[in-house]
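Report on the structure given below.
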Amino acid sequence: AFSHPPYFLLIGIPGLEEEQFWIAFPFCIMYGVALLGNITLLLIIKAEPSLHEPMFLFLAMLAFTDLVLSTSTLPKMLSIFWLGFGEIGFPSCLTQMFFIHTFSTVESGVLSAMALDRFVAICCPLRHSTILSGPVVVALVSLVLVRGVLLVSPTCFLVHQRRFCQHHIIAHSYCEHMAVVKLACGDTRANVTYGLFVALLVTGTDLVLISVSYTMILRVVARLPSREAQLKAFSTCTSHVCVILAFYTPALFTVLAHRFGQGIPPPVHIVVANLYLLVPPTLNPIVYGVRTKKLWDRVVRLFQRK
């Protein structure tokens with residue numbers, strides 16, 4: 001029989017327990033912006049038939065993923081920071097872990113699908129709609145979702161198999177896989193190895209796909225005759241590059257800090273881990289909304305009607 005604690009205690013940001021109350025305010029504002037921005041994006045893309053093309057369908061998927069990611073952590077986090085309510089039941093903790101890691105994987109997959117879309121749009125513009133037809137886009141999105149679920153489910157299953165005999169205090173503000181594994185007794189090498197394998201497999205394959213797409217894009221753009229055409233091609237990619245950097249920089253930091261970052265102060269590590277789930281959902285709708293003329297025109301039209 002497995003001895004699971006009835007609940008864990010999330011302490012928020014270790015070392016900054018006094019300051020958490022104030023740290024929660026910017027987090028709360030960012031969450032508000034993320035909710036408003038991503039819901040608006042989804043509604044605009046749904047309402048506007050001219051936006052039913054691959055780039056915007058992937059963007060809608062990204063917005064949905066961001067909503068799930070931020071909502072699976074932020075409300076609980078704010079209750080820890082403001083109300084000191086850190087208890088989380090074992091099943092709830094596993095559920096939160098599943099959603100966070102599955103949808104981080106999905107976000108990574110959607111970003112590589114978007115890189116593929118930019119590649120096709122710039123390198124084979126005339127065949128864009130035939131290569132990335134509706135069914136192909138649906139298949140890609142489904143593949144990304146299924147990959148997330150299949151890769152992350154074993155991590156939750158492995159944690160469920162563990163016995164927890166030590167204290168039940170998680171030095172984190174959400175149920176992050178490695179933070180929970182550290183509380184298990186016995187040999188946790190299987191959990192650690194599988195967790196690292198998934199993290200490296202996902203970021204590795206997706207970053208390779210993104211790099212290859214952009215290398216090909218650069219080669220095609222460099223051959224364009226006019227400077228204006230080159231700039232136009234680049235401008236369609238800049239928002240995507242911003243979003244990639246906002247997502248992968250803290251993601252890689254978090255993964256590597258858990259395994260190899262013994263010298264990193266816990267508050268720094270946990271704050272970055274929180275920003276990793278908050279910055280992309282907050283930035284994505286702003287970056288895409290402002291940088292994408294079609295979306296921006298639609299937003300302006302909406303406000304002019306009122």
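Every residue, even glycine, has its Cβ placed from backbone N, Cα and C.
Noted in TrEMBL for the protein shown:
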DOMAIN    37-288  domain 'G-protein coupled receptors family 1 profile'
TRANSMEM  20-44  transmembrane segment
TRANSMEM  56-78  transmembrane segment
TRANSMEM  98-120  transmembrane segment
TRANSMEM  132-152  transmembrane segment
TRANSMEM  196-221  transmembrane segment
TRANSMEM  233-256  transmembrane segment
TRANSMEM  268-288  transmembrane segment
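Residues 12-13, 51, 59-60, 63-64, 66-67, 70-71, 74, 77-78, 80-82, 271, 274, 278-279, 281-282, 284-286, 288-289, 295, 298-299, 302 of the same chain lie 6+ residues outside the transmembrane segment (20-44) yet bring a C-beta within less than 8 angstroms of a C-beta in it. On the 0 to 100 pLDDT scale, the domain 'G-protein coupled receptors family 1 profile' (37-288) averages 89 in this prediction.
By number of Cβ pairs under 8 Å, the transmembrane segment (56-78) is matched best by 268-288 from the list 132-152, 196-221, 233-256, 268-288.
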